[in-house]
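What follows is one structure encoded as structure tokens, with my remarks underneath.
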There are 2 protein chains.
Amino acid sequence: MKMHNFNSGPSILPDEVMEQAAAAIHDFNGIGLSILEIGHRTSWFGDVMTEARSLVKELMNIGNEHEVLFLHGGASTQFMQVPMNLLDSNETAAYVDNGIWGTKAVKEAKLFGNAIVVSSTKDRNHSYIAKDFSIPADAKYLHFTTNNTVEGTEWHHIPETNVPLVADMSSDIFSRPFDYSKFALIYAGAQKNMGAAGVNIVVVRKDILGIKRAIPAIMDYRNHIEAGSLLNTPPVFAVYVALLTMRWIKKEGGLVEMGKRAKERADLFYNTLNALPAFRPLVVEEDRSFMNATFTTAKPEMEDVFLGLCKQNGMVGVKGHRSVGGLRVSMYNALPLSSVQAITDLMKDFSEKHA
Amino acid sequence: MKMHNFNSGPSILPDEVMEQAAAAIHDFNGIGLSILEIGHRTSWFGDVMTEARSLVKELMNIGNEHEVLFLHGGASTQFMQVPMNLLDSNETAAYVDNGIWGTKAVKEAKLFGNAIVVSSTKDRNHSYIAKDFSIPADAKYLHFTTNNTVEGTEWHHIPETNVPLVADMSSDIFSRPFDYSKFALIYAGAQKNMGAAGVNIVVVRKDILGIKRAIPAIMDYRNHIEAGSLLNTPPVFAVYVALLTMRWIKKEGGLVEMGKRAKERADLFYNTLNALPAFRPLVVEEDRSFMNATFTTAKPEMEDVFLGLCKQNGMVGVKGHRSVGGLRVSMYNALPLSSVQAITDLMKDFSEKHA
């Protein structure tokens, strides 16, 4: 059976990335050794790291005022590492809380300085994005989550502010053209649009670094910059899968093409959702995520029936996050439009039978 | 050409582990999805994590007073995470400094409490292990590195002390039977004997946890224990490769068999080294590592000649660590005796021609 992978992350990757990753486990670039058994200080892996860092800059269209790092861990690590590196104990940072990940980020930041929530959408279960809020003029940075994987909301425009922007882009990085140079720091766990779990990408503008706090060596961005992301043994295979994925993005037409495909998938999905009485969207129309669509069945008791149908039809990952329930369809870069077509067809059938 | 992989880490893995890892990228357990694209909260991956944690306990022969965690990062992360979790700011911890990694570990611990070096072998370039030293009675723990990858020394017996033992076993974990229950905490980056880079194993006796310091959520062992190593998205593929490697170890005869093979490799290598005038060992006989043999050519100018011969014969990873120079042959669990035979044959030829 052809599977349709709507997992929220780890999630679908392009077929050719899988093939190349598997081939490199057998023999990396014809050297007679596996990617899993080469030293990280060999020129073989050095070339992987150099190309990966360079491709991030190329795809994002950013220059040398930014540095690209590949670090262990995921966004949860960055919730701690960002304020550790940027926020001194007597300084203030502004946080936007649009959902479960933003809430976690601000909680960690409070361990390091004066982290304040300047905008929260908790009043309506994070079903929208509040775009009007004020930021203290002395804020060291404004932290927000560009796409809320769990709740299904997304910032479709960058917030306008003079305060340095710090963004968790874990679930929509490389999904659209964006003025990435506007950000002081971007981080993303790789396991949605960029590869396999186990590596973080961090893009940081060098001039915001230089805190006085004593930082553990492995957490200090400056050490990683100086070492070219080879301060310690990096997650070699995960970096390689990220490289393969970025090569694929570039070859397919870069972020312009990714943005076009994301819109096609989202239009098909949400137009169908809007038209069907058996389903209810969870998010207000203008803030709906192009990556993660959250919704419910109109009758709560029908949710399991629909999930059963998904399973029968090889559609995985449709159950909502355990913290919010309901249903969720994730539509990352590698998801073909045909998978969205398949689930919207199923939704139509279901609606006709059960509405 | 048949390659002989003497890399110090990332390093050689069993052929069948590579085959199984590559197959799982194409299709994991016949489910129609790749290991790289399944959610970490699926029962598919839940079973992987459960078996991996259970196999660690089985191989180490430890009971329920210990917990097993798979965490992001490598030993460098644990240099920080161990004192963050165990050492309050008014407490003392004793550190053994037998080389580059021990030195780094104590440096990080000083950020958290009173970390003191109770034994250092720096006076003789860490070419031996000093076994007699005293530990303050109030020390929270004694930290040591069981095998010094860079310098080529290894503790062949566990230090005798009443102070809780904390060990960095990154480069000799699962290489021999050991009374693992004696340790309060063991950690190891996976990329030597246990799998691919990008995951740490931490084995911790629960009764030593309970510090009052506020710890970032992602760094707190207690959170990971409570969540069964699924607090955040784990490095899914690296955990799976570790599971495959542990299955292989068990199938081959467990740690008794691994210890037997390690001794056979080390005996062959060191007996050859002792007999050849063209080479010089770097470490005193009784403390030589079974995992990493460090040595030099008798005439310094011959080192590059020997490295050139290694390269011609498909032998990779023989150059010593950049911080100490010289030569190094790493002989981890997956290295066949035939590879040691090949390089000792080459050394004999070389010695006859150039001694």
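Even glycines carry a Cβ here, placed using N, Cα and C.
Database features, via TrEMBL:
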BINDING   B:S8, B:R41  L-glutamate binding site
BINDING   B:A75, B:S76, B:W101, B:T149, B:D168, B:Q191, B:N232, B:T233  pyridoxal 5'-phosphate binding site
DOMAIN    B:5-341  domain 'Aminotransferase class V'
MOD_RES   B:K192  N6-(pyridoxal phosphate)lysine
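Cα to Cα, B:K192 (N6-(pyridoxal phosphate)lysine) and B:S8 (L-glutamate binding site) are separated by 7 Å.
Cα spacing between B:R41 (L-glutamate binding site) and B:T233 (pyridoxal 5'-phosphate binding site): 9 Å, rounded to the nearest whole number. Cβ-based crowding with a 10 Å cutoff singles out B:T149 as the top-ranked of the binding-site residues B:S8, B:T149. In this structure, the CA atom of B:A75 (pyridoxal 5'-phosphate binding site) is 14 Å away from the CA atom of B:S8 (L-glutamate binding site). Following the DSSP three-state reduction, the secondary structure of B:S76 (pyridoxal 5'-phosphate binding site) is helix. Chain A has a C-beta under 8 angstroms from the C-beta of B:S8, B:T233, taken from the recorded positions B:S8, B:W101, B:T149, B:D168, B:K192, B:T233. Of the binding-site residues B:Q191, B:N232, B:T233, B:Q191 has the largest number of other Cβ atoms within 10 Å of its own Cβ. Distance noted between the C-alpha atoms of B:T233 (pyridoxal 5'-phosphate binding site) and B:S8 (L-glutamate binding site) is 28 Å. Secondary structure at B:D168 (pyridoxal 5'-phosphate binding site), as computed by DSSP, is strand.
According to DSSP, B:R41 (L-glutamate binding site) sits in a coil region rather than a helix or strand. Cβ environment of B:S76 (pyridoxal 5'-phosphate binding site): B:K104 lie under 8 Å away, each six or more residues apart in the same chain.
By neighbour count, meaning other C-beta atoms within 10 Å, the densest spot among the binding-site residues B:R41, B:A75, B:W101, B:D168 is B:D168. Mapped onto three states, the DSSP output places B:W101 (pyridoxal 5'-phosphate binding site) in helix. Note: the CA-CA distance between B:N232 (pyridoxal 5'-phosphate binding site) and B:S8 (L-glutamate binding site) rounds to 30 Å.
The CA atom of B:S8 (L-glutamate binding site) is located 7 Å away from the CA atom of B:T149 (pyridoxal 5'-phosphate binding site). Within the set B:A75, B:S76, B:W101, B:T149, B:D168, B:Q191, B:N232, B:T233 that the record links to pyridoxal 5'-phosphate, no two Cα atoms are more than 30 Å apart, and one pair reaches that distance.
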